[in-house]
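Undergrad: Could you have a look at this structure, given as structure tokens, before my questions?
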Amino acid sequence: MGNEAFAHAALEAGVNVVAGYPGTPSSELVETVAKLHAAGAAQDVHVEWSTNEKAALEMLAGASYCGARVLFTCKQVGLNVASDALMSLNYVGTGGGCVLFVADDPGPISSQTEQDTRRFGSFAKVPVLDPATPEQGFAMMKAAFDLSERYHTPVIVRPTTRINHASTFFEVAEETHGRPLPEGGFQKDPKWVIFPKRAYEGHGEINRRLAQIAWDYAHDPAFAQFNEVFEGGGEGETIGVVQNGVEGAGASAPAVGIVAGGVSAAYAREALSLIEAQASRAGIPVPRYRFMAVGTPYPFPAETAAAFAEELTDVIVFEELDSVLEEEMLKLTGERHLPLRVHGKLTGEANDRGENTTENIAGRLGRFFDRTSASADSPREGGGTSTCSSNGSLGGTAHWAVPFAAQPAREEVPPPSRCSSETEHGASPDAGCGQAGSLAALVASIIGANNLGYDGPLPVRPPVLCAGCPHRGSFYAVKQALRGREAVLCGDIGCYTLGNAQPLDAVDTCLCMGAGITMAQGFAVAEPGKKQVAFVGDSTFFASAMTGIANAVYNGHDVTFAILDNATTAMTGSQPHPGTGVTLMGERRRPIVIEEVLHGLGVQHIGFANPHSLESSVAAARAAIDFEGPSAIIFRAPCIQLKKPDAPVTIDADTCTGCKKCITSIGCPGIGFDEGLRGPKSGTRGQAFVDTGLCDGCGLCTQVCPFDAIQGAVGFGGAAPVEPTIYAPNPDPFQTGPISGLTFSGEELECGGDAVEEGGAR
Ligand code: SF4
Ligand code: SF4
């Protein structure tokens, strides 16, 4: 997996300290380091999941000041949390190599935004490397440490999901060692203290080093290798690699160019190979073109781009997320007065969001080649009429046969790119025009013939809580406890965001990590007549909720915090956190106890419930909700991924009435409804059935069915039924030292340790 390759690369580069916060698609890097360390293959390295991204980066900054090579990991939104530290760290500068591995998520597949870390790099003035393949990422990771130490700057390595999760083969070192720390350790110096005068000086240093790094990206082979330029296309001419400039290019100079960054460079190369092979068979000429892969988007390697752009009239840019490279090409065009038309997201000729694919880029390249060929064949100021459809394929007057300043017509831009069949597969309106020699038509026919795409309706698969998930009972209990009261239910980031789905319908807002806790307080101020409940998970509690809870206590906001404690960071692959007491260095520490933290923060009412035990959960939720002032209820039951499933329940066909309450109230995927089933009570209405492959035996449905038709649950999700209880302070809450693992009703859980042993992500 790409993330494993990044981990090996960092270890081979002698990284000393690795820290981050879990987040798809980045998580496996830290887990790989932890596994290798546990196996003795990665020596002299410290690895940890930190409480949140800001804590991780600040801890790493300290280690870097001592000369250690440090690696920070997070997903793209995690960098927002760490940004306070990052902005200042760049001004102060680093000691040992400091690399930030920030995984972007075009799509987005598992994130709340499609933000582009290349933009963050330029905002923070931190250099960025953007791999096109896991192999290149492996090389970049090592280069990033060198770059960081050459200029004392943090460096961002920014892969995207398909690089993180791609599989390939690597030769890796059997054993690695962290680089020995410099003698003398941390050297005290005024430069480490960011007074305004130091910040002013630091800003100048940043500006100077960015100019130098842009030069390195263009000319130093260690970095220029990531910005490959080559030429291809043309009849009978082979692709020639044109590294570090365009000298030595083929006989006929191209007029068109392709710029691609990150994984889009790999897609574009594949698309070009596809087009050239098929065009050769069909006897259709492919125009000569020049290609530039940009692996170092910030600072932009302008010298490489200027050499690439020589003599070109049209360039199309492929990149995911924002139009970063396209804007750099436009800037270059303006600065150097180049007679170059730049096409891409801003002109509607590339996906404006979501992921690219080889097929999508092939389709767009076919149209680009057709149009530029038509443009070259037409008089520049020409009129004329198109014989094709509106997109101006061969035979028509292309839209850039108008004066240079005019913008080309916008193409249809698909919504999320991996599901829009028409443009995704290159089957544009012009593709079907049947023009002889049209590359767009050729691409459309290839993709259609090879069934590379799927044009039928996609099955609807709404995200849903797992069968047996304890959060289902928590949401249902709170809704039951609130019956008759107007309320706003604030959710958060994690599995429990799925409480938004019908029929639970228990999450009205979800913004970002920890926001539910504080947003609920805003609702309480603005709408005091309503009750506010904020749901938060155990890992998020430690990452982002505690300051918000302190705010509620300090300002006396009447909100209830529902803490869904399933003993793991479930959504990102069952990582441990401070509440589990398990660390990635193989130690077990006393877990930080959520109720003790709540008590310490001044929350006066702290209740408990087992969410699989419905009646007691509703009672406990009601008690917390009725309390005047900040209150909390901790729903505590393990994630089903951490425990053995119980035997599935059964439905008594003689008792089931077919009322569907088990389905319409809790929405467990373990229960379905068969309209063909018959019974004495259900008549012809049909009956519920249990999917024994999914049912976890949690027993929640047995407590919902009004006719006792569901049977067989043993206990409540593997936990004993509990009476609603209220927290009584531990007389010795701050005892230290190792303890045994966290238990739920006597069963010891791995609490995320399984992620260390088995590699984690589901
Ligand atoms: S199992 Fe119970 S709740 Fe479900 S349809 Fe049958 S009677 Fe209704
Ligand atoms: S016992 Fe009922 S609610 Fe629990 S997993 Fe099985 S079907 Fe779903």
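Just so you know, glycine gets a Cβ as well, placed from its N, Cα and C.
If you look up TrEMBL, you'll see 348-368, 373-392, 409-432 marked as region 'Disordered'. Positions annotated as domain '4Fe-4S ferredoxin-type' by TrEMBL: 647-676, 686-715.
Mind mapping these onto the model and telling me what they sit next to?
TA: Counting residues of the domain '4Fe-4S ferredoxin-type' (647-676) by DSSP class, helix then strand then coil, yields 6 helix, 6 strand, 18 coil.
In the predicted model, the domain '4Fe-4S ferredoxin-type' (686-715) shows an average pLDDT of 93.
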Undergrad: Counting by DSSP secondary structure, give me helix, strand and coil numbers for the domain '4Fe-4S ferredoxin-type' (686-715).
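TA: Computed counts for the domain '4Fe-4S ferredoxin-type' (686-715) are 5 helix, 6 strand, 19 coil.
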Undergrad: Please work out the helix, strand and coil residue numbers for the region 'Disordered' (348-368) from the DSSP assignment.
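TA: Its residues divide into 11 helix, 0 strand, 10 coil.
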